[in-house]
Amino acid sequence: MVNMKASMFLTFAGLVLLFVVCYASESEEKEFPKEMLSSIFAVDNDFKQEERDCAGYMRECEEKLCCSGYVCSSRWKWCVLPAPWRR
């Protein structure tokens, strides 16, 4: 019984080792997924957030005024959507 457990463990460890070696050699050959992910998540200067004169949703509004469509929450000091009880 112990001998069978040891042989199963060694077989499983061998399969894991074989998988790791195959994966490492394949990842060296193929850089396509890495290149694809880097091109998808590349940050372009056109998409960077601009500094505005007004504060957007959930931004602090003590020093800045909230943008149109938002009101400054008196409790949290954040720009939030206007609700019927805040008007």
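Cβ coordinates are placed from backbone N, Cα and C, and glycine is handled just like the others.
Quick look at what Swiss-Prot annotates:
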type     : residues : note
DISULFID : C54-C67  : disulfide bond
DISULFID : C61-C72  : disulfide bond
DISULFID : C66-C79  : disulfide bond
SIGNAL   : 1-24     : signal peptide
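Here the features listed in Swiss-Prot are painted onto the structure.
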residue: C54; record: disulfide bond; DSSP class: strand
residue: C61; record: disulfide bond; DSSP class: coil
residue: C66; record: disulfide bond; DSSP class: strand
residue: C72; record: disulfide bond; DSSP class: strand
residue: C79; record: disulfide bond; DSSP class: strand
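Closest in space to C54 (disulfide bond), of the disulfide-bonded residues given as C61, C66, C72, C79, is C66, taking the CA atom of each residue. Within 10 Å of the C-beta of C54 (disulfide bond) we count 13 further C-beta atoms, all protein chains included. The two recorded residues C66 (disulfide bond) and C72 (disulfide bond) have their Cα atoms spaced 6 Å from each other.
Note: the Cα of C67 (disulfide bond) and the Cα of C79 (disulfide bond) are spaced 8 Å from each other.
Spacing of C72 (disulfide bond) relative to C79 (disulfide bond) is 5 Å (Cα to Cα, whole number). Cβ-based neighbour count (10 Å, all protein chains) for C72 (disulfide bond) stands at 18.
Annotation for the disulfide-bonded residues C61, C66, C67, C79: lowest Cβ count within 10 Å of the residue's own Cβ, C67.
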